[in-house]
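These notes concern the structure reproduced below.
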Amino acid sequence: MRLRGRGPRAAPSSSSGAGDARRLAPPGRNPFVHELRLSALQKAQVAFMTLTLFPIRLLFAAFMMLLAWPFALLASLGPPDKEPEQPLALWRKVVDFLLKAIMRTMWFAGGFHRVAVKGRQALPTEAAILTLAPHSSYFDAIPVTMTMSSIVMKAESRDIPIWGTLIRYIRPVFVSRSDQDSRRKTVEEIKRRAQSNGKWPQIMIFPEGTCTNRTCLITFKPGAFIPGVPVQPVVLRYPNKLDTITWTWQGPGALKILWLTLCQFQNQVEIEFLPVYCPSEEEKRNPALYASNVRRVMAKALGVSVTDYTFEDCQLALAEGQLRLPADTCLLEFARLVRGLGLKPENLEKDLDKYSESARMKRGEKIRLPEFAAYLEVPVSDALEDMFSLFDESGGGEIDLREYVVALSVVCRPSQTLATIQLAFKMYGSPEDGSIDEANLSCILKTALGVSELTVTDLFQAIDQEDKGRITFDDFCGFAEMYPDYAEDYLYPDQTHFDSCAQTPPAPTPNGFCIDFSPENSDFGRKNSCKKAD
């Protein structure tokens, strides 16, 4: 598979929003991966700080949290859904000031000596919702503690000792994963607060729904834009020489990020409040368009590209299995294009056998774009051409359908490595015994990993113990059971990043204040018909 599609393509945009903006090409880096490499001098600094300033900073931060707890407890007494009193009582203003001061002192002790603020924060009557991006770390809580704005959080967070009390003080909107109707209720609550004419605190929302490495802005969830009220975009920057801030699904874990950040002499953060964005009537009717146009405004301010990757792509990148996707995989782009054609991977999985049989019958015969469109039963479109180009490695205008089915199998069931390999053996295997040669194995694994270059000679020879020049699925399966780390040992023996980028997250969501609350049955996405091949 090719690592890039055909490049930038014009995308229509509402005249009321971003104007003649263009959808940029997929980013060169996987937005869900962060690789942190320290020089010898930086390692020496971390070692020195670990023995000196780090424990002091950590203990002081914990002390400040404990100091803030009684004030937050006092101010959070009473029913959480009761409208705040207007104007605020003097004692509440004092508590609010004290909590902001305590939190700012905590961040200062952690090395955030100066927080640069650009622009003006809008009044609640001007913009009830603040949309923050890019979301890259739990340190993004800094603007929350500086403004004491409400946020959207998972309901489990309120039961955490001390932290839960501090959370309740800012009157967040809670989302319960156990309540199937919770997302709809959350959107309704946000809408109610947003239309209260400033009676409620502003709500800060991270519309990306997950953490990225700040190289681009991924798709914004429409939840923050469904109320159809003006929003104020807020962009975050961390202009540090060494990026110890970024906390993505693949990369350093939460504790390591905390340790390395507190071991820096100084950490920088910039918060820029952009002008309030007032939606047009068209955007009020179409929250997805509203979200897209706000994203373009924020991307322009940041100087980064936009991409249609989503939280689901993040899950694909981190799926467990013997073949973990490398950082330069193009399967994320493939998954985006699948959705762009209106094909939902969760609905396609049951038809994979039918797809593979259709591809097997062609015996490797190449097809052109019109035939590919007929195979998928979709019209020829820009998205289809981009997908076609991913498999047209030679640029000759022809592709092998078997590669498409292998890639689709990975996207539909990313954790089931052997199921994908077995499906591939059925398509590539000889009619006599289902065996494949080294060239077939190379094609299968390159497609399954979404890379254009891969050497499989060592792996093939290790499996082919009898030196027959061909292997069966049983041979492969037996070898995989004996050597479950065969990918690292035989495919990437010299690439240390393959291990370091493959960390499994502890929970389905990256943190408590960045969850997706958009209704699952939302009609605000693409409405292409979902057709399947026979």
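Each residue, glycine too, has its Cβ placed from N, Cα and C.
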| message | Which range is it, out of 135-140, 237-242, 249-254, that shows up in Swiss-Prot as motif 'HXXXXD motif'? | response | 135-140
| message | Checking feature assignment: region 'Disordered' per Swiss-Prot, candidates 1-25, 501-525. Which range matches? | response | 1-25
| Swiss-Prot lists motif 'Di-lysine motif' for one of the ranges 343-346, 347-350, 527-530, 531-534; which is that range? | 531-534
| request: Compute the centroid of the Cβ atoms of D392, S394, E398, E403, then list the same-chain residues not in that set whose Cβ lies within 8 Å of it, in sequence order, for the Ca(2+) site. | output: K366, F391, E393, G395, G396, G397, I399, D400
| query | Around E398 (Ca(2+) binding site), how many other CB atoms lie within 10 A of its CB? | reply | 16
